[in-house]
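Accompanying notes for the structure given below.
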Amino acid sequence: MVERVDQVFLSRAAKAQALYMSAEGMDFEDFKQLAADHGSGDVPEAELREIFAKYDADGTGLIGLDEVDVEALFEDLRKARGGAAGGRASSSLRSASSPKAADKSDGAAGVECVGAVSPAAGAAVNAPAGATGAVRQRAPVHSSAHGAPQQHGAHHSAHHGAHHGEHQVAHHGEHALLLHRATNASIERLDQKVEGLDARMEDLQRQMEGLEQRVMAKLDSLLSAVPSPALATEVRAIEVKAVLHQPR
């Protein structure tokens with residue numbers, strides 16, 4: 001049970017770290033270190049590059065990942081760790097479905113365009129590869145007040161990722177603060193109990209001292225009533241032994 005809790009905690013910590021890193025921009029070296037830190041260090045670099053490319057469609061790094069992306073990312077890492085045969089199969093599937101692989105495919109399908117495109121440019125882009133006789137090119141995009149739409153999308157993703165990362169950090173900080181307060185309250189209650197026990201022990205000590213004084217007074221009264229000096233001496237010796245051996 002404790003091992004399962006540790007696994008859940010490490011998984012959440014890894015995903016929170018990934019969200020935070022993607023808010024500032026994560027290149028492949030950062031991604032490789034993240035994978036190594038959380039149990040995927042034995043995955044071949046080629047497979048790591050395929051996983052990285054799947055989420056790095058525009059080649060600028062992993063920027064502004066959300067929780068869904070991070071869940072899928074760690075699921076791909078988990079599959080890559082699951083054995084040589086399973087790892088190769090999942091790797092080929094990821095390569096076939098990756099955006100970069102789609103960009104490299106040939107055929108008559110058009111290229112995904114972002115923003116407004118002129119009719120001439122649209123016809124040139126959507127024409128079959130054989131008709132143009134050259135490698136298909138991306139259509140130019142019009143600029144706006146915020147720059148190119150692709151740049152604006154990247155800026156929005158980075159802003160969203162940064163905001164989400166700050167929210168995660170604040171959320172974990174709030175939990176840590178609540179735990180700190182609860183711990184302090186428990187310590188204060190324990191201190192109060194210890195103080196109460198100390199007061200009780202002092203009260204018992206006073207009662208024992210009073211009882212001892214009453215016993216000694218009773219012995220003195222009995223000794224004064226004994227006529228024989230020898231008997232009085234013997235009783236006094238017993239009294240002294242009793243006092244010496246009394247636990248304090």
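The backbone N, Cα and C atoms fix where each Cβ goes, and this holds for glycine too.
What TrEMBL annotates here:
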DOMAIN    43-78  domain 'EF-hand'
REGION    81-106  region 'Disordered'
COMPBIAS  87-100  compositional bias 'Low complexity'
REGION    133-173  region 'Disordered'
COMPBIAS  153-162  compositional bias 'Basic residues'
COMPBIAS  163-173  compositional bias 'Basic and acidic residues'
COILED    187-221  coiled coil
* Asked: For the domain 'EF-hand' (43-78), what does DSSP give as the number of helix, strand and coil residues?
  -> 23 helix, 1 strand, 12 coil
* pLDDT averaged over every residue in the domain 'EF-hand' (43-78) -> 83
